[in-house]
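This report refers to the structure that appears directly beneath it.
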Amino acid sequence: MFEIIPILAFEDNYIWLLHQHGHALVVDPGDAHPVLEILDARGLQLRAILVTHHHQDHTGGVEELIQATSAQVFAPAKEQFSFPHHPVTAGDRLDIPGIALSLSVLDVPGHTVGHVAYYGDGMLFSGDTLFGAGCGRLFEGTPGQMYSSLQQLAQLPVNTRVYCGHEYTERNLAFALSLEPHHEALLSRREATAALRAQGLPSLPSSMALELATNPFLRCHEPGIIAASKSAATDPVSVFAAIREMRNHF
């Protein structure tokens, strides 16, 4: 078995560190220093760095980690990076040296045009595509692209554990409840999330089952979300675009 450690960076970023038998990988290291501290404290050898997209808060620590370790870097083929890396795209499989784990690469454009996610062994590292009770802003992609990406992730097994790039769950739940104030699953999740955060614990990982039940961006076909969106068109992409715009100003 392996252990997954959430490393908080900046205000609300998560760098995910997975290790087994002294070998480790990290996902989206925006800052090298907290990663190096844990590697040193636990006597771990960093073998791989996985990048989901090009934003600085997810890549800022990569070059320093390359210099400090022998780690290989895997990053989206459709995006540009200044550091050496192995470009990855949909369908690629990554076998991490020293760790009994094989990950599949999923293309999930929307937040950025080349964004990828990594899935394997019941785990999804979703970057800034899927959040707890939310999804990423559309900085580069279209509503149709992001909706399609989210629907792709929604097809994963319901027991998939979801490791997101940011601690946004409480704010996302507040927005979701502004759409559906009396939704029992949302109210229950808000209570559970508040209890975790009050203890200084992450609200993550989530699960795909929980997201399917409470994430409005995965429920754009449901009558309650359609009504709350006030969208003139009721197809799921139009509803998604409407509530994503509402979330931008929430």
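Keep in mind that glycine also has a Cβ here, set from the backbone N, Cα and C atoms.
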- Given that Swiss-Prot lists ASP57, HIS58, HIS166 as binding Zn(2+) 2, which residue among ASP95, ASP107, ASP121, ASP128 does it place in the same site? ASP128
- Rounded to the nearest Å, what's the C-alpha distance separating HIS111 (Zn(2+) 1 binding site) and HIS58 (Zn(2+) 2 binding site)? Just drop the number here, would you? 13
- Check the Cα distances from HIS166 (Zn(2+) 2 binding site) to each of the binding-site residues HIS53, HIS55, ASP128 and keep only the ones within 10 Å. ASP128
- In three-state DSSP terms, HIS58 (Zn(2+) 2 binding site) is classed as helix
- Query: DSSP three-state call for HIS166 (Zn(2+) 2 binding site): helix, strand or coil?
  - Reply: strand
